[in-house]
C-alpha cells in the first residue's frame, strides 16, 4: 500500500514537472525565435539557449513516453527492439540537452572571466569557433555512446537467445540495466567535468578581480564583479541539478535489482532537471524575464475581463 502511494506521488510530480518543463522551454524557444524574426539577427548566447530549450523539450517527451510505456507494460521494456529504440532516443535527447548547457557554461566563462594567459585570450577572441568545435567533438562522443550501447544490447540479446533459462528476473537480465547506467554515466560525466572546470576558473577569476579591486575601490561592486556573480549563479544552478542527476544515476545503479521501484524516482529526477533549470534561465535572463512578466500581466488582465463578463 505504501509502495503504491509513493508511486502515485512520483507520477504526480512527473506530470507536473513535465507540464512546467514544456511550458518553460517552449516559452524560451518561442520568445527567442520571435525576436530573431523581428531583428533578423540573434546573439550566440540566444542561439545556445534556444537550442537548449528545444533539446530539453525532446528530452522531456522521450523520458515521459519511455516511463509511461514501461509503467503500463513492465515486460515490454525488456524487448530487444524496445530497448534499442528507447535507449538510442534517450541518449540523443540527453546528449544535446547536457552539451548545449555545457556550451552555455563555456560561453559565460570565455565572455566574463579575465585572464592574461595567451591560450585564454586566443579562445576568447574565437569563442564562436570554440562553441562550434565543442559541439562537433560532442558528436563523436554521441556516436561512440550509441555504438557502445548497441553493441552491449546485441551481446545481451545473443546471450538471451542462447540461454533457454534466461528470463526477465534472471541475474543476467538484472545486470543489463546496471551496465546501461554505467555507459550513460561515463559519457555524461565528460560535459559535467567541462562545466565544473569552467565554474572553478570563474571563481578563480572573480577572486583575482576582487583582490585587485581592494586597492582601488574597497567594498564596492563594479560591473565586472556583478557579471562574474551572475555567470556563477547560472553555472551553479546547472551543476547543482547535474549533481542531483548523477546521484540518481548512482542510486539507480546500486538498486537496479529492484528496478521497478526506482523507475519513477529516476524519471522524476531526469524530468525535474530540464524543467526547473529552464525556469531559472528565464528568471536570470532579462529579456526572457521581461517577456514572462508581460505574459503574466496579459493573462491577469484576461482573467479580470472574464470575471467582469460573468454575471
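Our numbering is plain: 1 for the first residue shown, then up by one each step along the chain.
Yeah, the Cβs are placed from backbone N, Cα and C, and that goes for glycine too.
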Practice item. Identify whether residue 69 and residue 158 belong to the same side of the membrane as annotated by Swiss-Prot. Key: yes
Review point. For the record in Swiss-Prot, which of the ranges 10-32, 286-308 is the transmembrane segment one?
Key: 10-32
Review point. Do any residues of this chain, six or more beyond the ends of the transmembrane segment (48-68), have a C-beta under 8 angstroms from a C-beta of it, and if so which?
Key: 14, 18, 21-22, 24-26, 28-29, 32-33, 36, 42, 86, 89-90, 92-94, 96-97, 100-101, 103-104, 107, 131, 263-264, 267, 270-271, 274-275, 278, 281, 285
Practice item. Quickly jot the same-chain residues contacting the transmembrane segment (130-150) by Cβ under 8 Å, restricted to those at least six beyond its ends, or write none. Key: 44, 48, 84, 87-88, 91-92, 95, 99, 102-103, 106-107, 110, 123, 180, 183-184, 187, 190-191, 194
Check your understanding: Looking at the transmembrane segment (263-283) and the transmembrane segment (187-207), are there 3+ C-beta pairs under 8 A, with each pair at least 6 apart in sequence?
Key -> no
Check your understanding: Is the transmembrane segment (10-32) packed against any residues at least 6 beyond its ends, judged by a Cβ distance under 8 Å, and which are they?
Key -> 42, 46, 49-50, 52-54, 56-57, 60-61, 64, 67, 71, 264-265, 267-268, 271-272, 274-276, 278-279, 281-282, 287-288, 291-292, 295
